[in-house]
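Participant: Let me begin by handing over the structure; questions about it come next.
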Amino acid sequence: MSDEELPDTFLDHETYGYPRTFDPNFKGPVAKSKVSSQVHSCSSRGIEIRITNRSCTDVLCCIIFILFIIAYILLGLVAWVHGDPRRVAYPTDSKGHFCGQKGTPNENKTILFYFNLFSCTSPSVVVNLQCPTTQICVSKCPEKFLTYMEIQFMYRTNKHYWMYYSQFCKSPFVKPAKTVTQVLLDDDCPIAIFPSKPFLQRCFPDFTTKNGTLTVGNKTIFEDGSGKKRNAIELRRAANRVNKILDARAIGMKVFEDYATTWYWILIGLTIAMLLSWLFVILLRFTAGFLFWVFMVGVIGIIGYGIWHCYQEHSNLQGRPNSHLTIYDIGFQTDISMYFQLKQTWFAFMIILCLLEVFIILMLIFLRERIRISIALLKEGSKAIGYLPTTLIYPVLTFIFLSICIAYWAVTAIYLATSGVPIYKVISPERTCKHENTTCNPEIFNTTEIARVCPGAQCNFAFYGGKSLYHQYVPTFQMFNLFVFLWLINFIIALGQCALAGAFASYYWALKKPDDIPQYPVFTAFGRAIRYHTGSLAFGSLILALIQMFKLVLEYLDHRLKEAQNNISKFLQCCLKCCFWCLEKMVKFFNRNAYVMIAIYGKNFCRSARDAFNLLMRNVLKVAVMDKVTDFVLILGKILVAGCIGVLAFLLFTHRLPVMIEGPTSLNYYWVPLLTVIIGSYLVAHGFFSVYAMCIDTIFICFCEDLERNDGSREKPYFIAPTLHGTLNKMQLVPLKQKE
């Protein structure tokens, strides 16, 4: 290819003083000028990684990014001043007092109790996010069915019943002298209590399911204290209005118990996954071909074991009662283990695994020739990582940065949510008061006109807020908090990709490896990215953050308007989600390659993205043949690591390794720690193999540039490794031999 045919970005060898003729002993830039000493050059045709003569790119975006970070820090400080996380840690009663706060009368009363949970079906629950009934702090939840009328009769024979019942009243009474009507008007005591258990420091009915029937305290029908018969379903509906996650109460507690029992086994599994990933990365350098087939056989074997296990479970359920039921028949259940008692569940798992097995086998058959190229790329990537071992440590740095961002976002969100002073609203049980939902003062409420006009109305705590300018913009601040969080997360990922790309590019363009590789390439590339290209990385991450923000807004609107949507709006919503998903994937792909070009040439984001796009389009066949097939191989490696650890964890948690080691006993759901180990192992493997993937992507970009810049002659030799060059010859992806 002549110089006239090359893009401008390739024609800068004269500018930076690089020799046009090839010198066999050439180890760096010829000192023709002062500029040449400022550039790390590895080629006779101007292949260089510009170092000290770089200039800052996308300065405007860098300034905006810094201003956003400063505003983000200031927002955190303001939220810290106005917020009070105790409002999240402690539930609040109707008077705005915290339950369980030390140094207060409620210190030993850590649980919130609702007088009349049936009133929580009121539409005002949605408006105020508070149940229109009196709420007090108690030391424990009720354990039995009792009504106020029953207590009046029992008090005559045994005063102990009243002592038990009175602890759920606003203030202690000597005896239950008031009538039910008077109790309702004065709102001194609940007219009925039900067996309850604390969940999220609130008393909720103790629901159980017996033979498919919902019960409360072994009862399905009971009195509500006002003479009406109620059933457990009505009480469940009322409780769900208070807390939509009530359905997860039982499973949540059991999951917590399982984690408390198996946490050290989970850590051991993740440690083994880290060591296994590290071992695979090391072995790939020496036995890439053999290890690839280990990946293949291992993944196929693990999936095959899963198919066999699903078949065994399906066969064992033959003839068992209710095993023929479908998931649709039993509906949503909080006890996940009920689904594993259905034949349909295991049959569905078996079909999914069979399809996955067939897909992998077909991919191996049709891509068998291209896989040879992938193995060669893996060997080259392993060699690069072997020369740059510090790249394997970089994911730890990324993890630390991401953890700091997530923690700061979460703390800021909590402080913003708890900013303000207690706001009290008028709540009427009958919803007939014209003053309902108006602001009130609980200290003087009984002396106001509202109390006289609306008998039975209450001035209850509603939420935390205020009328100041800050409090009016708290929702906007939450949106800003979320947006900057997404921007920072994408920036940290972009910074890691650019730093690794710079390190691996210095390896590829080194004429004599490893002598020409600069010292501390990872830290040098990281410093260059921070010093010169913060604006470009912020630009790319900003585009991605905007797309993700739009996706979250769509999800929020879909959640809020789900009941009001028709089929057409649901279809449009689905199309928008699909479009934004595809757009996000496409932008991530182009950003990744743009960061490689930024790391090599130090140009701004738009020009780097354009050059990367044009380069890939000119080599689209190589992209399909080499790069994407290698990604498939790496994904199989991640699956293998997660699968191996998952099989060991399954055998351990289900007590199928009693001879070798004794696992944890009395687990409620063995799948909870099992899924945690599998997902955690996959993420650990992803951290290691992501370095590998970035290495392959960088080498691939450099390889495409190498082919366009050089022709294999003595004056313009290829920088591609001879072994990789020989493999590519067979696929006719490069010239068959170098020119003399």
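Any Cβ shown, glycine's included, is placed from N, Cα and C.
TrEMBL does not curate its annotations; it predicts them automatically.
Below are the features I grabbed from TrEMBL:
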- 59-81: transmembrane segment (TRANSMEM)
- 263-283: transmembrane segment (TRANSMEM)
- 290-308: transmembrane segment (TRANSMEM)
- 346-367: transmembrane segment (TRANSMEM)
- 387-411: transmembrane segment (TRANSMEM)
- 484-509: transmembrane segment (TRANSMEM)
- 530-550: transmembrane segment (TRANSMEM)
- 632-653: transmembrane segment (TRANSMEM)
- 674-694: transmembrane segment (TRANSMEM)
Participant: Go through the chain and flag residues at least 6 beyond the ends of the transmembrane segment (484-509) whose CB is under 8 A from any CB in it; none is fine as an answer.
Facilitator: 40, 42-43, 47-49, 65, 68-69, 71-72, 384, 387-388, 391, 394-395, 397-398, 401-402, 405-406, 408-409, 517-518, 521-522, 524-526, 528-530, 533, 537-538, 540-542, 544-545, 548-549, 591-592, 595-596, 598-600, 691, 694-695, 697-699, 702-703, 706, 719
Participant: Do the transmembrane segment (674-694) and the transmembrane segment (263-283) come together with 3 or more C-beta pairs under 8 Å, pairs six or more apart in sequence?
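Facilitator: These two segments touch.
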Participant: Based on Cβ pairs under 8 Å, which of the stretches 59-81, 263-283, 346-367, 387-411, 632-653 lies most in contact with the transmembrane segment (530-550)?
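Facilitator: Against the transmembrane segment (530-550), the leading stretch is 59-81.
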Participant: Short question: which residues 6 or more past the ends of the transmembrane segment (59-81) have a Cβ under 8 Å from it?
Facilitator: 408, 411-412, 415-416, 419, 470, 477, 480-481, 484, 487-488, 491, 534-536, 538-539, 542, 605
Participant: Applying the under-8 angstroms CB criterion, which one of 263-283, 346-367, 387-411 scores highest with the transmembrane segment (632-653)?
Facilitator: 263-283
Participant: Given a Cβ distance threshold of under 8 angstroms, which distant residues of the chain, six or more beyond its ends, lie next to the transmembrane segment (346-367)?
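Facilitator: For the transmembrane segment (346-367), the nonlocal Cβ contacts are 296, 299-300, 303-304, 306-307, 310-311, 313-314, 317, 340, 629, 632, 636.
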Participant: Same-chain Cβ contacts of the transmembrane segment (263-283) under 8 Å, 6 or more residues past its ends?
Facilitator: 291, 382, 385, 392, 637, 641-642, 644-645, 648-649, 652-653, 663-664, 673, 676-677, 680-681, 684-685, 687-689, 691-692
